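Asker: Below are the structure tokens for one structure; questions will follow.
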Amino acid sequence: MHRGTIKKEVGTRHLFAAARYSLQGFQRLVGEAAFRHEALAFGAALVLFALVGAALVEYVALFVLAMVLFAFEAINTAIEELVDRVSPEISSVGKHAKDLGSFACFCLIVANGALVAYVVLGRLLF
């Protein structure tokens, strides 16, 4: 089977192609329930930060941690799709890959939760 070669874009065309691919990735990620839950939690955290009068640096920390979580969720989704495509049968290697991706997301969810708890409780108790 002959596959066509993919033409590599250069210059500004490359920039626009990369932006298009990123948008397509975002659209795919929105289809994941886990991402939607994480985005909802981010929105709730923003509301909590506003209610307790969080400082700008705390908003920045929340934004950065949330973006890292969203990026890892995208990578985890990519891992899951590749494992399902390459190894549709259940295998220990595929399970380990999926579990590790899930654990990375879990660590970042804990980090985000810890930041929100630190800011909110710090403002309410002190």
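Using the three backbone atoms N, Cα and C, a Cβ is placed for every residue, glycine included.
Just so you know, TrEMBL annotations are computer predictions that nobody has curated.
As listed in TrEMBL for this protein:
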type	residues	note
BINDING	TYR21, GLU32, GLU80, LYS98, ASP99	ATP binding site
BINDING	GLU32, GLU80	divalent metal cation binding site
BINDING	ALA34, PHE35, ARG36, HIS37, GLU38, GLU73, SER102	substrate binding site
ACT_SITE	GLU73	active site, proton acceptor
TRANSMEM	100-121	transmembrane segment
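Quick one: how deep are these features, and who are their neighbours?
Answerer: Long-range Cβ contacts of LYS98 (ATP binding site) within its own chain (separation 6+, distance under 8 Å): ILE79, GLU80, VAL83.
Sequence-distant contacts of GLU32 (ATP binding site), defined as residues of its own chain at least six apart whose C-beta falls under 8 angstroms from its C-beta, comprise GLU73, THR77.
Close to PHE35 (substrate binding site) in the fold, though at least 6 residues off in sequence, lie LEU29, PHE70, GLU73, ALA74, THR77, each with a CB less than 8 Å from its CB.
Classification of GLU73 (substrate binding site) by DSSP places it within a helix.
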Asker: With Cβ-Cβ distances below 8 Å as the criterion, list the same-chain residues six or more beyond the ends of the transmembrane segment (100-121) that contact it, or say none.
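Answerer: Counting only partners 6 or more residues beyond its ends, the transmembrane segment (100-121) has Cβ contacts under 8 Å with 34, 38, 41-42, 45, 48-49, 52, 54, 58, 61-62, 65-66, 68-69, 72-73, 75-76, 79-80.
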Asker: Of the binding-site residues ALA34, ARG36, GLU38, which sits closest to ASP99 (ATP binding site) by Cα distance?
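Answerer: Out of the listed candidates, the nearest Cα belongs to ALA34.
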Asker: Considering each pair of residues in ALA34, PHE35, ARG36, HIS37, GLU38, GLU73, SER102, all listed as binding substrate, report the largest CA to CA distance in Å, no decimals.
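Answerer: With ALA34, PHE35, ARG36, HIS37, GLU38, GLU73, SER102 as the binding residues for substrate, the largest Cα distance is 15 Å.
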Asker: According to DSSP, which of helix, strand or coil covers TYR21 (ATP binding site)?
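Answerer: Helix, per DSSP.
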